[in-house]
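As recorded in Swiss-Prot:
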{"type": "REGION", "residues": "1-57", "note": "region 'Disordered'"}
{"type": "COMPBIAS", "residues": "1-21", "note": "compositional bias 'Acidic residues'"}
{"type": "REGION", "residues": "50-128", "note": "region 'HrcQb-C'"}
{"type": "REGION", "residues": "78-81", "note": "region 'Dimer-dimer interface'"}
{"type": "SITE", "residues": "Glu87", "note": "site 'Dimer-dimer interface'"}
{"type": "SITE", "residues": "Asp112", "note": "site 'Dimer-dimer interface'"}
{"type": "SITE", "residues": "Glu114", "note": "site 'Dimer-dimer interface'"}
{"type": "SITE", "residues": "Gln120", "note": "site 'Dimer-dimer interface'"}
Amino acid sequence: MSTEDLYQEDVEMLDDYEDPSTEQHWSEEDGEPSGYATAEPDDHAAQEEQDEPPALDSLALDLTLRCGELRLTLAELRRLDAGTILEVTGISPGHATLCHGEQVVAEGELVDVEGRLGLQITRLVTRS
């Protein structure tokens, strides 16, 4: 089970959960919820929440950089040797996809970063 599956299960559980202590009871007389001091958000508390990173921000995720796929027969695989060039189809040179498990996170171009391989993001994949 991936971390994404666990997260999705947690979200579904939270969506199904209704806390009776957070239910608002409306007063017919003044049209406002009873049992609450104010309906206005506390600006100071909201600012503190923005300053603090979410609790899960330090969670490390294993991501995969994919630059193409190919299919070889077992015989072709056995014949591989140093210097063999394999043709990768379905992707342009320098293009790669950043994935978490099977979920695509972003796409980009492979770049040189001071002698090391890097990925310059060209498109983030939005979740719907």
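Any Cβ shown, glycine's included, is placed from N, Cα and C.
Features recorded in Swiss-Prot, as mapped to the structure shown.
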{"residue": "Glu87", "record": "site 'Dimer-dimer interface'", "Cβ neighbours (10 Å)": "6"}
{"residue": "Asp112", "record": "site 'Dimer-dimer interface'", "Cβ neighbours (10 Å)": "8"}
{"residue": "Glu114", "record": "site 'Dimer-dimer interface'", "Cβ neighbours (10 Å)": "5"}
{"residue": "Gln120", "record": "site 'Dimer-dimer interface'", "Cβ neighbours (10 Å)": "11"}
Revision key, fill the gap. Simplified DSSP label at Glu114 (site 'Dimer-dimer interface') comes out coil
Check your understanding: How long is the line from the C-alpha of Glu114 (site 'Dimer-dimer interface') to the C-alpha of Gln120 (site 'Dimer-dimer interface'), rounded to the nearest angstrom?
Key -> 14
Check your understanding: Same chain, outside the region 'Dimer-dimer interface' (78-81) by at least 6, Cβ under 8 Å from its Cβ: which residues?
Key -> 72
Revision key, fill the gap. One should report the C-alpha separation between Glu87 (site 'Dimer-dimer interface') and Asp112 (site 'Dimer-dimer interface'), rounded to whole angstrom, as 22
Revision key, fill the gap. Rounding to whole Å, the Cα atoms of Gln120 (site 'Dimer-dimer interface') and Asp112 (site 'Dimer-dimer interface') are apart by 10
**Study point:** For Gln120 (site 'Dimer-dimer interface'), the three-state class that DSSP assigns
**Key:** strand
